[in-house]
Protein chains: 2
Amino acid sequence: MQEWLTEHLTKLNLVDEMNYDTGFTRLSYSEEEKQAHETFRHIALSLGLEVHQDEAGNQWATWKVDDKVPTVAVGSHVDTVRSGGGYDGVAGVLAGLASIKLLKDRDFIPSKNITVICFASEESARFGVSTIGSKALTGLLEDNLAEVKDSDGVSVREALESYGLTWENLPNAELRADELESFLELHIEQGTQIEDHGADIGVVRGVACPIRLQVTFSGMANHTGTTPMDKRSDAFVASAPLIPFVEEEAKKMNEDAPLPLVATVSTVQLSPNVMNVIPGEVTLGIDIRSVEDELKIELAKRIKSFCEEIERERSVTVTIKTLVDNDSVFLDPNIQETLANVAKQLDYKPLAMDSGAGHDVMNMATRWPSGLIFIPCQEGISHHPKEYASIEDLEKGTRMIAEYLRIETGDEHENNNWRNRTA
Amino acid sequence: MQEWLTEHLTKLNLVDEMNYDTGFTRLSYSEEEKQAHETFRHIALSLGLEVHQDEAGNQWATWKVDDKVPTVAVGSHVDTVRSGGGYDGVAGVLAGLASIKLLKDRDFIPSKNITVICFASEESARFGVSTIGSKALTGLLEDNLAEVKDSDGVSVREALESYGLTWENLPNAELRADELESFLELHIEQGTQIEDHGADIGVVRGVACPIRLQVTFSGMANHTGTTPMDKRSDAFVASAPLIPFVEEEAKKMNEDAPLPLVATVSTVQLSPNVMNVIPGEVTLGIDIRSVEDELKIELAKRIKSFCEEIERERSVTVTIKTLVDNDSVFLDPNIQETLANVAKQLDYKPLAMDSGAGHDVMNMATRWPSGLIFIPCQEGISHHPKEYASIEDLEKGTRMIAEYLRIETGDEHENNNWRNRTA
């Protein structure tokens, strides 16, 4: 199994050997994403699966029983950020395929269809829009998506057409609720909670979706050399206290809160941002996340009050725009229970945890009972060439999925047979 | 005189009527700057002056006596920032030409050559490099100038060649010290000191040249959603206290200092500056100015200490790079005295003051005795479409230059004759 994982990890990353220096760049709907999808199809065919691509570019590799039985899905994505790692997304696709191989090697006979989905365009690195493939499946695509452009001015519509898809057919990718029974994703943790708790596997309860605020401070631009210190309305100076405030307030709230909250001032635009002009306008972007939506709302309120204070004390105006306010997504309790039991059965220590990052599963969970498995990644480093997950952990993830699929798709007789054989 | 000024103010701005909404854009070595230089030549020719363009694109309009007598120069520039005003630069060129007209109308006969210089490329808006024309005259051009590029990737060398100049000939624009006797610039104040003191005209003593620092804070970029608050090394949070520190410290130093000091955190670059990543690196640009160089050096020291404190207290590294450290330029005391006397004689209240902004005169002063006259501009607004100076103040400036030129270039006999006539 480890040999197979090692070989196909490099294949899905389109290389002969993993690299941890320059990383991998397979942006949304790029030629590189397409090549990785093509590799996925080849591997799936070699495993005897039926493959097809849907109208959003998602690849489906199906172990088909017949059209009358339900379909259980697993999967993730193979696109990356710029100079990203070789595990974010790939780990889930690889473990999904490997679990099929494991079941087939054991002569398992499923009583339901099993499908591995390789989602298109999960990362927001190219267009600022994430999880396009799984949004298409669940009818969650943004209204203005066609015209959203990358930094070269190429729109999503144009990128999709270059990819060989037809923009007008995109809505046809949406599936009815009865077309799948459930969905399970495996992903690298992109944090260190599993390691910190001495666990092997994370079983995710909820995905923390963000509140994102855009806070604009308007002062008065003027010449840095000719404007005396007591005649200024410097928007950057006025905005500065908000930057540590967000960090400090989030830390304070974590002292009493039942669930963690994270908050970051992660972007800034300064106008005009030239050496000889006092900043006239500053826009800060704030990302607030918690599975506990009330905590996000409370921090957003405190930020608003703090900005009103700044407005009273300094000669600036402050406007706050809510860019995103998505309720957190809770995953299926039955699947969590199954996964925890599977882990124990395999002698892996599971950790019930939340996901601070978004994944395709958060869209899938709006339509189907869904689950998310995390495997550890070294030092929590992700979206970086040094991103790394061990083959041992990839194998544990694979065995988790295989056992889960066996339970979900086997009939009693088969289950018992196999359990006896593997015991 | 006011009619002539009004008419030629619009001409030099290449319009039929001044506009205060969209402003003017005549970037360095652009087609628009060229057109304004062409207009300058036409006006100069209509005043009976000899015109020529030098190797840097500076235009010279000369009231020539002969080659044996010294040449007294006045002038400024006609290029602008993006969406700038119609007075920054133009005011000095216009008043220079108008003063010639005034002297000619009065049948003044100069005993020295008088030349009006329309400098090329004063503003740094296009290339980030200022006063290229006057630097060329005084041998102060930056070594790497050829390769400096604008935001479209056009280098100074390419822009200069498109302008019709020859890059290799640029050094030939430099003048020997004996080729001019003195230089006087008139410029809008870009501040409100003249108004605040109830004066009519500013007579500038020194030009405050900046110390510019680039301070980089390096922390650790990581996912905003998956990195707990107590495991972060957020470079933006670490850098934030420096922003108000610079303002507060400059204010404190002004309480005891003999001369004003101004300091501004005017630029920021955040990396990666995307919503879902904790800022891993922040670079702040700081502009410090005072005619008193010791004050600039002292503030730069305090900034360094403060950054060392941040480095000790937080898990970031801080590096400070000095981008610019130019000594302030002091203007010629004799010219200042002459200008103050001229003002009193014309019944204008002069204000001895310093310039917080750089001008062509700061380069000219390194080679020739030089002076700088400020006229008021409304509310100190500059580099903005709303920039405005009244025709009355432009006329005062013109009369200041004319009287100064009469004193500097007239022989005793002429002087006395005219003084009697105008008394």
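Every residue gets a Cβ built from N, Cα and C, even glycine.
Features of the protein shown, as given by TrEMBL:
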BINDING   B:HIS77, B:ASP88, B:HIS187  Zn(2+) 1 binding site
BINDING   B:ASP88, B:GLU123, B:HIS383  Zn(2+) 2 binding site
BINDING   B:ARG212, B:ASN276, B:ARG289  allantoate binding site
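For B:ASN276 (allantoate binding site), other Cβ atoms within 10 Å of its Cβ number 24. Secondary structure at B:ARG212 (allantoate binding site), taken from DSSP and collapsed to helix, strand or coil, is strand. Here the candidates are the binding-site residues B:GLU123, B:ARG212, B:HIS383. The one whose C-alpha lies nearest to that of B:ASP88 (Zn(2+) 1 binding site) is B:HIS383. Note: B:HIS77 (Zn(2+) 1 binding site) has non-local neighbours B:GLY89, B:GLY92, B:VAL93, B:CYS118, B:PHE119, B:ALA120, B:SER121, B:GLU122, B:GLU123, B:GLY133, B:ASP360, i.e. same-chain residues 6+ apart with C-beta under 8 A of its own C-beta. Rounded to the nearest whole angstrom, the C-alpha distance between B:ASN276 (allantoate binding site) and B:HIS187 (Zn(2+) 1 binding site) is 47. The Zn(2+) 2 site is defined by B:ASP88, B:GLU123, B:HIS383, and by the 8 Å test on Cβ atoms against their centroid, the other residues of the chain that qualify are B:THR80, B:VAL81, B:GLY84, B:GLY85, B:GLY89, B:GLU122, B:ALA125, B:SER382. With a threshold of 8 Å between Cβ atoms, the binding-site residues B:HIS187, B:ARG212, B:ASN276, B:ARG289, B:HIS383 that neighbour chain A are B:ARG212, B:ASN276, B:ARG289, B:HIS383. Cβ-based neighbour count (10 Å, all protein chains) for B:HIS383 (Zn(2+) 2 binding site) stands at 24. Most Cβ neighbours within 10 Å, among the binding-site residues B:HIS187, B:ARG212, B:ARG289: B:ARG289 holds that distinction in the structure as shown. The number of other CB atoms found within 10 A of the CB of B:ASP88 (Zn(2+) 1 binding site), across every protein chain shown, is 29. Of the candidate binding-site residues, B:ARG212, B:ARG289, B:HIS383, the one lying closest to B:HIS187 (Zn(2+) 1 binding site) when CA atoms are compared is B:HIS383. Its Cβ placed at the centre, B:GLU123 (Zn(2+) 2 binding site) has 24 other Cβ atoms within 10 Å.
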